Amino acid sequence: MDVKTRQGADIDSDYMLLMTTLHPEIAREYKATLTEKLQNNTHTWADITAAYKNLKLPTLYSFDDYDECFFNVTPSLPSTYCIVYAEVQPDNSSELWQKITLHNEYKFNYARNKLFFGVCLNKCMRFLRSETDNETHNKSGSLDKEVVEFFQTVHKRPLDIEMRANHSSMIQRCLNEEFEKEYDLKLETFIEYCERGPEAKPIEEDMATSVFNNTIKGILLLVFCSSVYDYFLKSQQMDKNQTNDFYKTNYTDAASAILTSFSLARNYYRLTQPARGTIGNKFSFLDGLRSNCLLIVLMGHNFYLEFLHIKNPEYFENIGKTNVGLSALNGTTIIEIFMVMSGLLLYLKFHKSSSVTPHSTWGQCLRQLALIVVGRFLRYLPSVALLTLFNASVLSTLTDGPFWRHISEPSRILSRENWWHNIFMINNFTMKYSSSLHTWYIAADIQLFAFYTLVLTITSKYPQYKKRILVTLSILAVLIPTMISYLLKLEALLVVKPENLRYGYFYNDKLFKYLYTPFYNNLGGYIFGIWCGDLYTNYLSKPEIQRKIRGVLKYEITFWLIFPIAAGITLAGTRMIFQQPSVWTALFSGLNRNLWIVFVCGIPVLGMTCKAGKIAYEFCCLPLFRVLGRLSFQVYLWHGIILQIINGYQRQPHYVTDMYYTGQGMTMFMLSLITAFFACLLVEYPFGQILDVLIVKLRAKPEDPRNSKKSN
């Protein structure tokens with residue numbers, strides 16, 4: 001047997017071993033890579049397999065002691081600590097470089113040639129030379145231009161610019177001395193940012209900080225005055241009415257309602273009161289679905305840990321090498337259930353209001369459309385504005401640490417420069433420069449809400465076209481993402497990779513920008529929610545129909561089929577992400593989320609409208625979820641900041657385990673709940689109450705002048 005035949009047999013043997021331990025697509029990719037290299041005669045079998053076994057790759061994050069650095073002051077330079085982005089320079093003669101190259105080929109591995117160093121400049125002073133070295137260094141351009149340009153956009157404090165201009169070459173020589181000794185490879189570096197000791201940080205209040213502080217003071221003053229006034233009104237009641245039940249009754253006159261809108265006690269009882277109204281009572285299970293799905297989303301966002309300074313990157317790399325791990329990473333479609341619920345409630349409330357009929361004039365239709373859409377926008381606006389203002393002013397001052405500015409500075413700078421993206425809720429189209437990446441959903445939701453309110457307005461005025469319009473939109477919900485995926489040659493679906501957010505923005509992923517966040521690629525959730533609302537209103541709401549469905553075995557079995565169906569769709573996705581872009585991957589892009597919407601989101605929602613699902617229905621109707629459901633918007637809004645704070649202060653890369661991951665996730669959830677509680681009482685409910693009063697006034701039909709004359 002010749003050498004190549006023997007090596008080929010070794011590959012087949014190792015391939016079968018990998019098939020039993022790793023995802024099949026990973027094993028096939030491994031085999032193809034090894035076979036290609038053997039055919040090119042560039043490596044021996046031993047060389048190639050060494051790249052997959054006993055890897056000793058460069059450390060992704062290496063930080064000098066942050067606090068100690070500021071105590072060791074040198075006369076030549078104030079104590080300075082810099083975060084340096086570095087890339088390992090190619091060297092085909094190096095075995096380690098071959099290992100790095102082979103390792104980077106798998107899309108769910110970190111790029112081990114892109115490193116971060118925390119450098120205390122005291123140790124590098126002996127490398128200080130003339131400015132000509134820095135000029136030569138600054139002209140080198142082998143670094144990733146996209147990453148460097150983003151760092152230059154975000155990190156531009158005077159010290160950052162000064163250090164890049166005067167000490168770039170010194171730091172590169174300093175790092176290369178240690179790196180070459182350990183790895184026999186060279187680095188190209190870029191100073192991301194630098195900091196000096198606490199005594200060198202001036203306490204200054206710029207306009208953003210001043211506006212935030214004054215806003216908080218104003219809100220607290222309004223809360224105090226409103227609460228005192230509400231208590232005064234309570235004290236004017238008869239003795240038997242001077243109980244806390246007084247706060248549970250809304251005022252009928254607009255003046256009192258507005259003056260008590262910031263009352264702390266009244267807003268607390270608004271938060272904790274039982275469900276009210278027909279829709280609130282019949283669809284109370286939505287609070288349970290919303291709360292439990294939100295917890296899943298938050299635990300998924302806890303994967304943000306993989307983009308921070310971690311000591312054991314293989315923890316996250318190994319997740320992407322198994323079916324179970326890839327299935328978990330493929331869980332981004334869970335967000336669709338919120339759009340289904342939003343579409344359902346939009347239809348039910350629009351239908352109940354009967355604000356648009358075939359006899360309505362277009363002027364009346366447009367007036368109602370404007371009231372509904374502007375009302376929704378203004379309900380979101382105070383909370384989103386406060387988040388943006390918080391990011392722009394306070395966030396960066398809450399803690400410190402070597403990597404804290406890497407985490408917080410993009411939010412600070414982008415909230416100052418691109419605040420209007422968030423305020424006008426269009427940041428789902430400008431994700432690279434969004435100050436809060438997770439708020440893409442809020443932007444997409446308001447856009448979808450406006451679009452489908454227009455659709456319902458048209459179908460209510462022209463009911464004869466209703467089915468045609470809804471069917472057309474259902475087809476477009478599949479067709480649009482399919483065509484975009486095909487024309488742009490995108491991957492089949494979005495699965496977050498370890499490199500995506502390492503640099504402070506969503507790096508090098510057209511899929512996220514063009515397929516995942518635009519509202520027109522998310523038409524399916526709302527349209528299916530509207531179908532559910534129409535089906536319930538015309539059919540499932542009838543008591544005799546509900547009796548035929550509730551408790552019947554075949555319908556109960558159908559309800560619980562969501563779990564194997566969800567597993568099947570997710571498993572199919574783990575296969576498709578390894579396929580090259582084609583007609584079939586594009587078709588899967590269009591079908592993936594919509595199949596999830598229909599079978600995984602639609603079945604439980606439709607089933608629970610008839611009280612099917614037994615234990616699941618009763619669980620989702622627990623009073624606890626009524627409060628959690630009301631807090632869910634604020635929890636989602638603020639959890640990103642909480643996640644940054646509880647992980648960003650650490651001085652050294654953290655070692656991630658299952659226990660650590662779960663603990664950080666639960667800590668984030670609890671702190672987000674506390675933050676959401678106060679945000680609801682102090683911001684969302686007060687402004688919401690004022691908005692409700694104004695909308696009631698605007699919706700009131702003007703009195704007929706002829707009737708007015710008769711009454712006089």
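Using N, Cα and C of the backbone, Cβ positions are placed for all residues, glycine too.
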Review point. Of the ranges 107-128, 283-304, which one does TrEMBL list as transmembrane segment?
Key: 283-304
**Study point:** Contact call for the transmembrane segment (324-348) and the transmembrane segment (627-646): at least 3 Cβ pairs under 8 Å, seq gap 6+
**Key:** no
Check your understanding: Do at least three CB pairs under 8 A connect the transmembrane segment (283-304) and the transmembrane segment (666-687), leaving out pairs fewer than 6 apart in sequence?
Key -> yes
Point to revise | Chain residues outside the transmembrane segment (438-457) and at least six past its termini with a C-beta under 8 angstroms from it | key: 301, 335, 338-339, 342-343, 346-347, 350, 356, 365, 368-369, 372-373, 376-377, 380, 384, 387, 422, 425-429, 431, 469-470, 473, 517-519, 522-523, 525-527, 530, 636-637, 639-640
Review point. Is the transmembrane segment (557-578) in contact with the transmembrane segment (283-304), using three or more Cβ pairs under 8 angstroms as the rule and ignoring pairs under 6 apart in sequence?
Key: no
Exercise for review: Over the domain 'Acyltransferase 3' (284-683), work out the mean pLDDT and round it to an integer.
Suggested key: 91
